[in-house]
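Engineer: Straight from Swiss-Prot, here's the annotation block:
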- 19-26, 87-91, 141-144: GTP binding site (BINDING)
- 10-278: domain 'tr-type G' (DOMAIN)
């Protein structure tokens, strides 16, 4: 029994893909699902104007804009491994949702556009991985286009992201001259053939770079490959498993996701080298996946995944023990026992009921408003998983309702959307206006769109003169005094926490100076 339990855990690989918008993240997601047999045909994203939309972009607004605005989870099996792939929003503005998704994975795949190199969003996301020492594997995409020199790209990754690169494959040419890749460790040459099934022509094993067979196969391009690899041997780092697992080194693959080329090499290396479920920190101790008692945490709430059901799903990462359908668990924040009768697993839009699940798995728990982001569930022990933050918003808008009869629906919509963590809502201590706060501007459009389509509420925004927010705490007597004096700038967020909204950085600094006994917080752990 124990052996089976451990085997199940060891076969799990839970990871997310990070990239800058348009680097090819959705495409590579689909190709991975193709190899896992989870989809039959890649819903080519650029054909999204046709009837089929990329499998992982399922919300109406994403379909219209062609960007992933919500993280979704996809599970598939490949070579006896159970793979949980968390898709993250590729758009600049969704850093908060992406950040929380990165708390639920054990490793990350970074996709880089060979034409553009490292871009701002990738840099931001990598800093988050760095905080958690998350292992990172890299796929340099779009080799079928004229891009930057491969050595130049490695240098860009190393200097910009401050991480060692260990190339695993090496491209032969690029753009119109792209012939394929040479595997530096298995000594295999794989040919690129856009007409062939999955973009991959034959793979030929050679006896190293001096093999005369290479001259026959590559003609004039063989010297270029030999020179590159010779340079690499002096300049690049050999792959070291320990350095990769510590987040200090990234193995690098080259390919063309749109042509499915290089994706299988990446996947084969990934399942063998990426870590299985890892131990997790709680406020009191470290929890190990092999512990028998079940535990885990919610990292995301998604409303209305199925318009027919008007439902809310809590995305839950299992950290220890085994989940079985109908089991009773303790909801730590509420201090009460609940039964999880109908948990689901995801394949983007498709959901199936789950009978059992193991550490590393992401399950969906139906939620009628009682589960919040960051909630811990256990089989009794009083644990609280840490590191799932809310960020202080940087942009604010006042919501003006167009139909006064809809104020209840507006409140319901705003509170539910805030629970998902996409935006934050604030109600003033004095007055009744709703203020929406967001980390990125695109989130305002998402809120309006979803209010109208999912809650049937028509509203508009009005500008407000706030630039930043801080959650405030302190001892009761001081807080009472602070509330009285600063009432015009004080708001309660969706969870009832007190927040101070400032019209300028100077105003915030000044208030903090005047109220030294009050603590001002730029982030807040989900309570």
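Each Cβ is built from the backbone N, Cα and C atoms, and glycine gets one as well.
On a predicted model such as this, the values are computed, not experimentally measured, just so you know.
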Engineer: Let me know the model's mean pLDDT on the domain 'tr-type G' (10-278).
Structural biologist: 84
Engineer: Whose Cβ, among the binding-site residues 19, 88, has more other Cβ atoms within 10 Å than any of the rest?
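Structural biologist: Going through 19, 88 one by one, the largest Cβ count within 10 Å is at 88.
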Engineer: Given the binding-site residues 22, 25, 143, which one's Cβ is surrounded by the fewest other Cβ atoms within 10 Å?
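Structural biologist: So among 22, 25, 143, the binding-site residues given, the one with the fewest Cβ atoms within 10 Å is 22.
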